[in-house]
Structure formats: structure tokens, C-alpha cells
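Below is one structure, written out as C-alpha cells, with a few remarks after it.
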Amino acid sequence: MTLREVSTASDLREFYDVLISGAGPAGMTAALEASAAGARVAVLDENPRPGGQIYRDITRNRPERKSYLGPDYWKGKQLAEVFDRSTIDYAPRATVWSLEGRDETVAKVRNVVGVTVGGSARMIEADAVVLATGAQERPMPVPGWTLQRVMTAGAAQIALKAAGAMPSEPIVLAGCGPLLYLLASQLIDAGVSDLTVLDTAQSTFRMSVLRHMPEFLRSPYVLKGIRLLFKVKCQACVVSGVRSIAITGSERAEGVRFTTAGGEQAIPASSVLLHQGVIPSTNLTNAAGCELRWNDEQRAFEPVTDNEGRSSRQGIYVAGDGSGIAGAQAAEVSGRIAALAALCDLGLVSVTAVAARLKPLHKQARRFLRGRAFLDALYTPRSSFLAPLNPETVVCRCEEITVRKIREAIALRPPGPNQLKTFLRCGMGQCQGRLCAATVTEIMAEERKVSPADVGTYRLRSPVKPVRLAELAQLPHTARALKAVTGRDPVDHDTNETGHISCPDTDIASCGQVQRRRPTSAGIVA
């Protein structure tokens, strides 16, 4: 048996029992579970090889990098090798840009997925779709974050895993969260000697943190976390209690100014890595109409699911960090659980057999979730970083919208973030809000003195990722393809004499005012 790697969209089948978006820990285990039950399975992933962000390039990485990437990274190799020996259809470098859920009221009994592979687009049907899209880094807009040589900690870690590349020294690593110290440890082991960690986490001795301490002490993360903190604090310059950060430089980062209880300081920097935690990637779940809810502990929106990963839309399941941040081991278990739920709902595995498999999996999941509440409370970002105070800080990098402009627009009392778009185009650039949505929600909540749950987030529509018109032009002119592109029902369009649905210039413009070489609000690139 061997993995069936797909290089173009035409190589994909028209229908799958289970279609999975994402080839990280959750996506791989979901695919293996479904394939073992005899289901027709496809995995669509943006990366060139399976593994996701946590196990990036695990199948081809060099042994000499083992010393600094650590044992947790190499745990993923066995899973990736099992995945590689399966008979699953696997499409690397694939972009999933549309997902329409089932709607039996109009006789649409299958999910429809829009995907681009190898420069061509295609619509695929699936009885069940498992979204294992993982997490994304929470944006950390500070003055100077748009300068050259400033990147997220996650981006630096990707370069380290994929190419063994390291930022130029001296390096400043700023923010909060477990990844901050993990990356610091990896950089130290890789040979970095001039490293400063600016820890923006609030005091550990808060009641919201201490009440979760007993459970955390029983978790599998305690000793690992203590060793990590001790190592970094012994081998790098760690500054705790940082309250504000500004990156200085004309065209590229040259230094960092920061404040603590002791006052303001400035240090030189050739590279600045920012990080303040991760949040679920909800673009597809949002665009598919799945219900989202605000998680106040993780300061993020997440899809509403049951204990088996079923979303509010029939036939759509969510697994891994895309349903709530829990880590790689929990994601592996979550993928298996979601796949079993899908197989049961499709009648491919009996209810009795699924129940027997789920019991030990739920037990494992509870073990991996133990201590998560402590970490969420400990690394809750400061409000001044969630909703930046400096009025000239850029929030929307695509459209260059500052904090000042956003606060001025909020003063005009738009109902929510979606209406704010019409004032500023904030969130209408090529990233489609991935880098600004969380910050806009936090600023609006602060201005109105309400919870982010009352504010909401951007409402997304397909395409949720940038797609070229040349790729979309290869789609057959069917009703479902046209709706995936324009977001409009087929009844709104004319049908020509040959039976094809026409899409006049006005329809294309309604997708987001297409301009040459400029991304539109719908993610279309001319």
C-alpha cells in the first residue's frame, strides 16, 4: 500500500465518503481511522508534505536537526510514516477555498468543497467533511511590527524546521505563551547566543491562575514546563512583566523599546519575533455557516461542537486545534474521535463498535486536556496588547488601517465588525481578516465596554483563500460552482442557450470589485 499523491485537481475523484482539510496530527489520524473502516478518503493540505505546523517536514527532516527540534517534534514521524503507507488520496499544496454544507431542504444531501490543486480548481462532493485546519497565531500589533526582520515566532519556527534557518542575531523574542519558551529553547540548542526574551505575561499569583494550579500539577506538562523555563532563564536574558513594546528602525528592525515596572529600556535587535498565543483557525467553519462561540479563557472564537466534533452543520466535523487549543497529542485523539463520529453517522461503522472505540479515546483526551485551563489563565495576553493603545499602530496590514482609524470609525456606531468593513476596508485585503479580525473585535469590545462575544467577528464568505480568476475559469459553469465563486444563488443568474449559467460583469464585480492584481474582499486575485 502507498499514499496516492494528487498533483492536479482533475486527479481527485468527484465524490468521497470522508474529505479532510488539513494534514496535521488531527487530519492524519482522522484519515487513517476513516480509511481503516473502508471509507473513500481524501486529505487536502496547503503544505508540500504531511505533518501540519507542529510536525512540519517531519518525513524528510535531517537527523542532525534532532538535537534542537526536540523529542516532541520527532514523535510525529511514526504517525507520518503510517499515513504515507496508506491508500488515502492526498493532495499537497492544495487550497480549500469553499465549503457548502448539506441542505436537505433543497435536496442538497452532500457537502460541496471548492479546492485548487496544481493551478486548477474543482468542486468535490463528500458525505462528511472533517476540518482539521489547526491553529493560527494571535496577531500582536505593536509599533514597528510591519518592519523588515520582524516576524511571528511561528514563522521563525517554520524556517527552523523546514530549512534549519535562523534569524540574525541579536534576536528579541517578545510576547507570552508556551511557544515563546519552546522556540527560545530550540534557538539556544541550535547555537543562538544573543537572545533576549521579553515576557509580557501577567503575574502568576492571580486568583484566576492559582485556582487551576492543583489540576495542572497532575498534568503531563508540569515537569516539561519547569525544565523549559529553567533552561531558558539560565541561558538567555529573560525580562518579565513587560507592559509595552515598540520596535524601532527605519526600514528594518534595529532595536526594541519596552517598559516594565522599573521604567523604559531599549535594546538592540537585528530580528524580532512576536507571539502572544494561538487561536483556532475558523475561516472555513465560519464561511460554511457553522456556529461560533466566544471562549473567554482562550480569548478567541471557536466552533460549537459536541464531544465527538460534530459542528452545528450536518456532515461537517471539526478536529484538533481548530475546535479549541489543546496541543498536538490531544489533536491526534480528536481526529480519531471526529472520524469515528462521521463513520457512525454515515452508517459505515455500527453504533456499538464506535461506542467501544470512543470510550478509551475520550479518556485519553481528558488526560491531555488536564492543565489546559491553567495555561490559558497564565498566558492570557494583557489588554494593552489585545487592543493596542498607540493610535498609530497598524492593525490591518493589508489595507494599512491604524488603531486611530478603527477607533474613529467605531465612534460612528457601526453594529459590528462586518459593518466596520464598509467604513475602512479593514479585513478586506488578501489575508481576509486572518491578521486583524481578533484585534478589531477586541478594540470594538473595549470601546463599547462589552464582551467580545457581544461584538462578534467578521462573517466570511467563499472564497476564503485567495484564488486566481484563471483557476476559477476552469470550473464547469454549474450552479454550485457559480455560487461558490459569487456567493449568490443560481436563481439570481441568467442561463444561456447552451444551458450554461452566465456570469456578466456585474456579477463578477459583486464578488468584490475585481481590480487587476489587487485581491478582493472575496479573495479573488485578477
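From the backbone N, Cα and C atoms, a Cβ is placed for every residue, glycine too.
According to Swiss-Prot, the [2Fe-2S] cluster binding site annotation covers Cys396, Cys398, Cys431, Cys436, on the basis of similarity to another entry. In the three-state DSSP scheme, Cys396 ([2Fe-2S] cluster binding site) falls into the strand class. With a cut-off of 8 Å between CB atoms and residues at least 6 apart in sequence, the same chain places Leu424, Arg425, Cys426, Gly427, Gly429, Leu435, Cys436, Val440 near Cys396 ([2Fe-2S] cluster binding site), listed in sequence order.
Cβ neighbour count for Cys398 ([2Fe-2S] cluster binding site) (all protein chains, 10 Å cutoff from its Cβ): 19. The binding-site residues considered are Cys431, Cys436; of these, Cys431 has the fewest other C-beta atoms within 10 angstroms of its C-beta.
Cβ atoms within 8 Å of the centroid of the Cβ atoms of Cys396, Cys398, Cys431, Cys436 (the [2Fe-2S] cluster site) belong to the same-chain residues Val395, Arg397, Glu399, Ile401, Cys426, Gly427, Met428, Gly429, Gln430, Gln432, Gly433, Arg434, Leu435, site residues excluded.
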